[in-house]
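*Asks:* Can you keep this structure in mind? I'll have questions shortly.
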Amino acid sequence: MTGRCPTVAVVGAGMSGMCVAITLLSAGITDVCIYEKADDVGGTWRDNTYPGLTCDVPSRLYQYSFAKNPNWTQMFSRGGEIQDYLRGIAERYGLRHRIRFGATVVSARFDDGRWVLRTDSGTESTVDFLISATGVLHHPRIPPIAGLDDFRGTVFHSARWDHTVPLLGRRIAVIGTGSTGVQLVCGLAGVAGKVTMFQRTAQWVLPWPNPRYSKLARVFHRAFPCLGSLAYKAYSLSFETFAVALSNPGLHRKLVGAVCRASLRRVRDPRLRRALTPDYEPMCKRLVMSGGFYRAIQRDDVELVTAGIDHVEHRGIVTDDGVLHEVDVIVLATGFDSHAFFRPMQLTGRDGIRIDDVWQDGPHAHQTVAIPGFPNFFMMLGPHSPVGNFPLTAVAESQAEHIVQWIKRWRHGEFDTMEPKSAATEAYNTVLRAAMPNTVWTTGCDSWYLNKDGIPEVWPFAPAKHRAMLANLHPEEYDLRRYAAVRATSRPQSA
């Protein structure tokens with residue numbers, strides 16, 4: 001049987017980009033080019049290298065189901081170990097020669113049935129399908145703190161760690177109390193002379209231990225791959241149960257809250273405990289996983305500051321109460337612009353439609369992967385994907401399989417371009433909005449899950465429902481078209 005040979009561009013060589021590329025190659029779709037702005041694969045795990053960096057999803061779950069690693073050294077892997085895993089995946093599946101490193105896609109426009117891409121070097125290329133896999137959290141957010149440029153010490157964002165800066169014995173300020181801030185305090189305590197954590201909002205912490213895997217355990221996992229499969233299924237089941245607490249009020253949510261509150265009681269000083277107690281429900285913000293934070297924050301060389309930051313001067317940080325906190329290094333653990341998606345790429349779809357105009361009221365998509373008006377364009381980890389405390393590898397695999405099913409239909413000549421119908425997309429998003437009031441994200445907090453109107457942009461159901469949704473294609477929800485220019489130039493391929 002013969003079919004056409006689709007050309008596919010994937011933007012991003014992180015976890016999701018490599019996942020969709022491997023899925024394409026496994027389906028016999030080989031004309032694939034990956035554009036990567038940096039000089040290595042890995043995305044988040046390449047960019048983030050700060051002390052204490054640890055994945056908050058278990059190692060045996062935060063991996064591709066088709067490439068399980070028997071050699072994880074601990075339950076929650078360090079960032080460097082995950083980066084090594086992703087580098088190994090790139091080698092194992094022959095991805096490196098398909099990647100254009102140091103190439104930032106600055107624009108992509110749909111023209112006569114194909115996508116025309118332009119990189120920052122001015123190079124243009126034309127493809128049948130464009131897949132954005134630029135990740136969720138990759139644009140560092142720098143807070144507008146007055147006087148930051150006046151500081152005579154060193155300032156950097158946690159995702160742009162400066163490894164030339166000595167840490168031993170230094171006075172280090174950590175601004176931010178999310179997962180990164182918590183991991184930094186744990187990683188710097190006992191190394192720095194003093195760590196001062198500046199807290200705007202207290203976070204709920206789930207005390208998940210992080211035991212190391214013995215050499216014997218790794219030997220057994222190498223000898224018996226079924227053990228890795230069993231562990232993967234067991235962790236998947238536990239996170240499905242956790243999802244019930246997120247999407248529905250009831251016993252599961254109460255149990256998670258009870259564990260968080262019990263852990264907080266380990267803080268002995270009543271004043272410190274009150275300062276660390278959030279005024280919202282557990283899981284309303286992204287839950288912080290740490291078995292060591294409450295121990296670290298009680299050290300004599302660690303201080304929690306809850307007064308707001310007024311400004312920065314050359315010696316340090318001045319808070320609203322007029323106190324000067326003298327420091328040598330300021331680390332901004334202030335998160336990312338979670339709504340930027342594939343920026344800085346300027347996306348122009350059918351009839352000159354610009355993504356900035358379509359998304360002026362907030363990002364939205366059909367079934368988390370496609371957008372009306374942008375034919376043959378897909379997103380990995382798009383709006384309302386199950387992100388947060390879920391294993392993104394599993395989410396990426398489901399989306400990659402769905403995308404490849406569409407491209408295989410193109411290969412067999414069923415259509416030239418496809419895009420979701422506006423009515424189908426609106427109906428889908430109406431269902432999502434109707435489910436949001438039951439979720440924990442609407443219980444009264446401000447987080448990066450929310451758009452500018454305070455509406456969560458995450459998946460309001462269990463991950464299993466997301467997988468089921470993507471398991472089948474629904475052509476009736478898509479506008480399938482023919483383009484003479486596409487059919488005239490498409491190359492045949494054995495299928």
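Note: Cβ is positioned from N, Cα and C throughout, glycine not excepted.
Annotations per Swiss-Prot:
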BINDING   Ser16, Glu36, Trp45, Asp56, Tyr62, Val105  FAD binding site
SITE      Arg286  site 'Transition state stabilizer'
*Asks:* Using a 10 Å cut-off, grab the number of neighbouring Cβ atoms around the Cβ of Ser16 (FAD binding site), all chains included.
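*Replies:* Excluding its own Cβ, the number within 10 Å is 28.
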*Asks:* To the nearest Å, how far is the Cα of Arg286 (site 'Transition state stabilizer') from the Cα of Trp45 (FAD binding site)?
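*Replies:* So the alpha carbons of Arg286 (site 'Transition state stabilizer') and Trp45 (FAD binding site) sit roughly 19 Å from each other.
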*Asks:* Among all chains shown, work out which of the recorded positions Glu36, Tyr62, Arg286 has the most CB atoms within 10 A of its CB.
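*Replies:* When each Cβ's neighbours within 10 Å are tallied, Glu36 leads.
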*Asks:* Looking only at Ser16, Glu36, Trp45, Asp56, Tyr62, Val105, which the record lists for FAD, tell me the maximum pairwise CA distance in angstrom.
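*Replies:* The two farthest binding residues have Cα atoms 30 Å apart.
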